[in-house]
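Student: Marked as transmembrane segment by TrEMBL: 12-31, 51-72, 92-110, 130-148, 160-182, 202-229.
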Amino acid sequence: MKKSYLKYGFYVWFTIVPLLCVFLDLIFSTIQPNPQYGDYTTNFDFSIINQSIYLSVWISLATFAYGLFNWINIHTNNMPSWITGKNNLTRITALNVLAFILYNVTLLVSTNVVGFNTWYKIIKSVFEHMVTPLLIIGFYFIFTTPIINSKDYFKKYSWYNTIHLAIYLFYVLLRAIMLISFPPQNQAVFTPFPYEQLDPRVVGYPLVILGVSALFVGIIVLATGLNYLSNLRNSGPHEAGPTKPKKLLNN
């Protein structure tokens, strides 16, 4: 019973806190603009655009969706297994671990970190990039029970973790191409790239391609590693032998 209440509490957190972080930044970027963007975000439309170009916001919204659908499932028990199963949780956990690593490593090595220069962005960053990822890691190892052999997972399911990144990068790069190719008249282009590492005008195309490739490889490695570790947690010192789930993504 206590474990059920604990799981319920996790779902409530995953639903409410990431969404509140996004709205906190969205609202106060308009009321108290970030000096980094001048007065651009006093226009609420620009503030929305500014939220939409950052990977951390996309991960927060994915976490919100995961929490909400599983919270609903506790009461209705009618969500499909590709939403409630292990593979979807592995995806959400891997994305949050990726955000945790990227942000906190940058915080340690850089003096100019995006999202850590106003009080509301600091609050958002702490909950979005530090607290929530740690809670999701804890949740993953407390509650995941199905065992999926690492080779099976890598061959059949690891691609699932790249969908979120692929859609995000498509959006960001398409937006940047359109803004640079068709700039607004009498107005500077508003943040065509969210990160310098994605801007070929700054780092060059080879580094952009290398960085994007590293993101895809990294998320696959993280997800496969998380699945392997959860197998150890559930099967003891030796990973269980191959298991063949009946349906793709339903675990």
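One is the number of the first residue shown, and numbering goes on along the chain from there.
Just so you know, glycine gets a Cβ as well, placed from its N, Cα and C.
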Student: Can the transmembrane segment (92-110) be said to touch the transmembrane segment (202-229) if we require at least 3 CB pairs below 8 Å and skip pairs under 6 apart in sequence?
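Tutor: In contact, yes.
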Student: Go through the chain and flag residues at least 6 beyond the ends of the transmembrane segment (51-72) whose CB is under 8 A from any CB in it; none is fine as an answer.
Tutor: 8, 10-16, 18-19, 21-22, 25-26, 29, 79, 83-84, 88-89, 92, 95-96, 98-99, 103, 114-115, 128-129, 132, 136, 164-165, 168, 171-172, 175, 191, 193-194
Student: Does the transmembrane segment (130-148) make contact with the transmembrane segment (160-182) through 3 or more Cβ pairs under 8 Å, each pair 6 or more apart in sequence?
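Tutor: Not in contact, no.
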Student: Determine which residues of the chain contact the transmembrane segment (160-182) at the Cβ level, with the cut-off under 8 Å and only residues 6 or more beyond its ends counted.
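Tutor: Long-range Cβ neighbours of the transmembrane segment (160-182): 52-53, 55, 58-59, 62, 87, 90-91, 94-95, 189-190, 192-194, 198-199, 212, 215-216, 219-220, 222-223, 249.
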